[in-house]
Structures are given as C-alpha cells and as structure tokens.
Amino acid sequence: MRAYYFDNVPGDQRLPHDYNPSRLVSSETLSSIGVKYWTIPVPGYESQVDAIAKERGYKNRDMINVSKEGMGDIYEEKIRGFFQEHMHEDEEIRYVLSGSGFFDVRETPTDSWIRLAVEPGDLLVIPAGIYHRFTLDEQDNIKALRLFQDEPKWVPHNRSNETDINPHRIQYLKTIGVGA
Ligand SMILES: [Fe+2]
C-alpha cells in the first residue's frame, strides 16, 4: 500500500492526484491517525486473514466486487457516492483480492487528505470516526473482502456540523490525542 498526500487538484477522482515530487506519508503518521494495515499475499491468504480477524474480533465477512463492466450505467453515479466525505460508527475493514483503488483519509489536525493506494494483498483498517472517502482508480475494478465485528452497520454519515460532535468522532479524536 502506497500512502501519500493528495494534491487537491480538481479533476477526475480516479487519477493518482500525487504531488510531483510525491509527498509520501510514513507508517508512523498513519499509525498516529489510527490507520492500521497489513500486507498478506493473496495466494493462501485465508489463514493469515483469519488470524487477524480472530484477534480483532471480526466475526463476519462478505465480498464486494465493484467494476465498470459489471455495473454499467450506475457505475459513475455509484463511485461519486463512495467519494462523499463521511465517517462510520464502526471500523471499516477491507482486504483487497484483485483490482485496486484509493482510500482517502483526513489527517487531523491538518485536515489534509492522505491517499492510500490499495492493491491485492492489502488489509486496511480505517478507524471509526475518521473522515474518509473511496474511489476506484483508472483500472475501474476492485474485489475485496469486507470484515466486520457484528451486524454490519454500513451507514455512512456525511461530514457535517452534526458528525463533528458525533460521540464516535469525539472518541476518535481522543484516541489520537487531538481535542478534548
Ligand atoms: Fe466508508
């Protein structure tokens, strides 16, 4: 997984949006904002993913397959939806089996976007309460496992004054040592 600051240049969200030269983001910075990740080779991934799932209490999982080919006309609208800045009250956990895409996470307190370019073998945990968004890249396809603790609550809360005071947001800020 490659992590770098998003360049904020308007244009297609599927382009890399990498500064020239790149402004890479260290694993320490990712850890300081609560983002966790592992690299697990796809062939024979089950035992390692199962071990992490067991340790972190991810009891359930399903698989998603998002592609331009498979979705036809609704694809463009769908990926614009994924790109709305939002938070969840649960962790968002993805293991990429094929294809690729970009998760953008907000660094706090700078409010800069950090782009996480994920590819097969990346297991990514986005903490509850962090603002983020997702897009496919120019390959236009990704297949990933979604893991979750109990019942999936896939509710995205779009960023607003209300989400700024959501208890899960407040808890997140406490966890990373920012704010109250
Ligand atoms: Fe999300």
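Keep in mind that glycine also has a Cβ here, set from the backbone N, Cα and C atoms.
Marked as Ni(2+) binding site by TrEMBL: His86, His88, Glu92, His132. Per TrEMBL, the feature Fe(2+) binding site maps to His86, His88, Glu92, His132.
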Tally every other Cβ atom lying within 10 Å of the Cβ atom of His86 (Ni(2+) binding site).
20
Determine, for the Ni(2+) site, the additional residues of the same chain whose CB lies within 8 Å of the mean position of the CB atoms of His86, His88, Glu92, His132; present them in sequence order.
Met87, Ile126, Ile130, Tyr131, Arg133, Pro156
Taking the Cβ of His132 (Ni(2+) binding site) as reference, which residues of that chain separated by at least 6 in sequence fall under 8 Å from it?
Glu85, His86, Met87, Glu92, Phe103, Asp104, Val105, Arg106, Ile126
